[in-house]
Amino acid sequence: MEKVNILLVDDHPENLVALEAILDSPFYRLIKAASGVEALKHLLLDEFALILLDVAMPDLDGFETAVLIKKRPKLRDIPIIFLTAFSKDEPFIFRGYSVGAVDYVFKPFEPMVLRSKVAVFAELFRNREQIKRQGELLRQSERREHERRFLEQEWASQKRYRHLADAVPQIIWTAGRDGAVDYFNQQWHLYTGLTLEQCEGWKWKRAIHPEDLPRLLQQWREALQAGQRLEVECRLKKADGTFRWHLFRAIPEAENGVIVAWLGTATDIDYQKQAETFLKQKTLEAEEGNRLKSEFVSNVSHELRTPLHAILGYSDLLSEESGIKEEQSGWVKGIHRNASDLLDLVNNLLDLSKIESGKGLLNLKQIDLKEVVPGFFDNIGSLTNGKEIQINLMIDEKLRVIQSDPLKIRQIFLNLLSNAIKFTERGVITTTLSNREGGILLTIQDTGIGMRPEDLPYIFDPFRQIDGSITRKAGGTGLGLAIVKNAVTALNGTIEVRSEPGKGSTFKIFLPEFPFDRFKPVKSRIESNPDQG
């Protein structure tokens, strides 16, 4: 099988290496480009079956590169799959499709899904090239047909026409004005093993798959009645008894406005149909895999919570014993602390599995955050572990009451506060609640280590830890911000993040007063400088 060219475009070499490893195949020639400009140079030199194009690139981003590609007639038909970890919001996705993308792949890559999608487009490219070649042969045949007609008019010969049609590597047939077939070329006989005598008139129906025949006959009769062209897909039986998908086309031939005959073709499209079926199957398998994973995490989490609660309970009882030594008391506190950390992890995993499985139903109530939020800070000091951190809480005295989910509100506050404490060695963490039109604004600002601009697009990804060395020191699993994002999404709110290395981070969350007047997807805005905007 001939190799097809696939263009990989990403300004991060590690991403190109990852893509190359996933897509390594004797059937692909992988061409790498580190920028939109370099990608355009490759596109002008070679023919490509597919472009995997990163969205977030400096100078010329993925969207701008796609626009330039689609402006060139020679390149506009090359399918583009955008690579991104930035956002799954509808406006962002729609922008990609509006500039010519056929699909998105979100980072981190799922190798099976990525290979499946690339395989489909590679196979479609091969089939398209095959169809092009067949089309060229057909065009050559049509030119010969014109020559034949000239000769036929000159010599009134039908023999040359038959020989010419038999030379085309595609099924060609003709029918009278009533739709009865009166001619098949040699390719029909080679494929079906049937002679013209066995198939003339309406006897060709024997070669059509029984499940497809009623639909084909109905559309053929409608075309005959309306005098309009026919285009229908159905399975055609080979001489060995197997079936392959074909695209049947027929156009009417008219003289003086009256249909006198029909000219038709049948094109083998079995590879395209297989590719479509394969893609659907792999998509279903991936969805089922995600469902099973979520169920497994949920089941394991439930099983772990019972013994963890027992450990916490017994450690509380031991800590209250008056007879234990100071060293033993330290051991008990360590048991309690580690069991509590593990329980938090299990609860986070359980929350995430509920979100992914769609089981995280909301329990909406009227909530006065002036009364609820101070309680979140009662035990927050235990998380500082002796750090020199000043924790401030400022609440507008006229803060409005909102309709929301108490559990989601708690998840948002505690995860953001915990995150701020983890990454602030000394300084100030300030939580502010104020009224905004249509809802309230929660702002949590810290003076911690901050985040790099290139890390910001990934902070809401589950299990994503931006800096492994820092995270190992601070602790955590990378689930906190993912849970926050999903909780805000569920409440139809918005998240805004501003951060700068060494200067801290600011999270602003808008919570609507009535979240379900009309559902809107969560919007996120990420900025690298807290002093801008």
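Using N, Cα and C of the backbone, Cβ positions are placed for all residues, glycine too.
TrEMBL annotations: computationally assigned, not manually curated.
Annotation comment: TrEMBL describes 5-122 as domain 'Response regulatory'.
ASP54 (4-aspartylphosphate) carries a strand DSSP state (E or B). The annotation 4-aspartylphosphate is assigned in TrEMBL to ASP54.
According to DSSP, the secondary structure content of the domain 'PAS' (157-227) in residues is 38 helix, 12 strand, 21 coil. Positions annotated as domain 'PAS' by TrEMBL: 157-227.
As annotated by TrEMBL, domain 'PAC' applies to 230-281.
Under the heading domain 'Histidine kinase', TrEMBL lists 299-515.
Each residue in the domain 'PAC' (230-281) gets a DSSP state, and the totals come to 12 helix, 32 strand, 8 coil.
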